[in-house]
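Undergrad: Before anything else, here's the structure in question.
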Amino acid sequence: MKFIDEARIEVIAGDGGDGSASMRREKFVPFGGPDGGDGGRGGSVIAVADRNINTLIDYRYAKKHLARNGENGRGADCYGKGGDDITLRMPVGTTITDMETGELIADLTEHNQSVQIAQGGAGGLGNLHFKSSTNRAPRQKTDGKPGERRMVRLELKVLADVGLLGMPNAGKSTFISSVSNARPKIADYPFTTLAPNLGVVRVGPSRSFVIADIPGLIEGAAEGAGLGHQFLRHLQRTGLLLHIVDLAPFDESVDPVAEAKAIVNELRKYDELLYEKPRWLVLNKLDMVPEDEREARVSAFIEGFGWDGPVFEISALTGQGCENLCYAVFDYIAAHSDAQRAAEAEDLAADVRFRAKPADPVAADDSGVDPQQ
């Protein structure tokens, strides 16, 4: 199936039904009075996150989604039937934005999370609501309200703990296939990866994390060059970025330091927050470097790149160093997840809305004896 991570659709909620201006006409009831019922409400448009859906391809071709209108009210105090809601099922990780106002309507991050994105119109009032002591036979009634109509943009941002960065053919797909069950296409030409790939890395029982591989970046990606700029949004939810560098390029004229700096510059141009995410340096293809040259080549790269963060030396093809890297990544994610939960708990405790009310003092009766003793 083709991977589609963006779509634009129009959602139209149902209109409310009109109220009825009806009079009770019945034998032996000379002054029946008003009996017009209200109109039914219009159907709403609801978005639901579904973990069994992986792409927005259904919305690339179905551009308009309409809910049903409410029925009109009728006589004999009959209210109109409400319009049925429609449900749009989307992948977990989808954001929904109003294209006219720029408002973020919803961010679907959990399975079965539901959000109303277009509200149905309210039904009109029948004339039975307008009777009074001075107006026994009202002819007034109100029409139903129109439902909301919106043009929205759907964007899928995959949910992963770790994202892979690097130039084409740096070995990102080889790495993710080495440490997980993901099987992306691997070949010796650039842009083999055309869509994001997700893999689950297990480091022990109930100990795992999700890693995302996106198409390789090239210089100018933030301005539209290559493919990577289309998929950088998928790294925005990650907690850690692994910058994979090819230390042994086939073309000897290629400078790994210059390529690594180009990747960092593209991150900064695309999104400052993404640039500031924690980033580790992963030097790949060490099996292609003679053993007596490895230390010198690694030191020269780190010095030329001006890097002072964590560095890991691996060979994704042979698996050398991959296990230690995965354990380090899991420990980092687990530690930061615990810290985030603790911070959220502190924020919750500081919120006055959730503070426990102090117990009321126990009043003594006239005899001076505590009634609870």
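Numbering starts at 1 and runs along the chain as it is shown here.
Every residue, even glycine, has its Cβ placed from backbone N, Cα and C.
Note that the structure is predicted; figures quoted are calculated from it, not measured.
So Swiss-Prot lists these for the protein:
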DOMAIN    1-159  domain 'Obg'
REGION    127-147  region 'Disordered'
DOMAIN    160-334  domain 'OBG-type G'
BINDING   166-173, 191-195, 213-216, 284-287, 315-317  GTP binding site
BINDING   S173, T193  Mg(2+) binding site
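Help me understand the surroundings of these features in the structure.
TA: Per-class residue totals from DSSP over the region 'Disordered' (127-147), listed helix then strand then coil: 4 helix, 0 strand, 17 coil.
DSSP classifies K172 (GTP binding site) as helix under the three-state reduction.
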Undergrad: Could you list the residues of the same chain, at least six apart in sequence, whose Cβ is under 8 A from the Cβ of S315 (GTP binding site)?
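TA: Spatial neighbours, sequence-distant, of S315 (GTP binding site): N284, K285, L286, D287, G321, C322.
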Undergrad: Can you tell me the CA-to-CA distance separating S173 (Mg(2+) binding site) and P215 (GTP binding site), as a whole number of Å?
TA: 9
Undergrad: Can you check which residue among the binding-site residues K172, K285 has the largest number of Cβ atoms within 10 Å of its own?
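TA: For the binding-site residues K172, K285, the Cβ with the most other Cβ atoms within 10 Å is K172.
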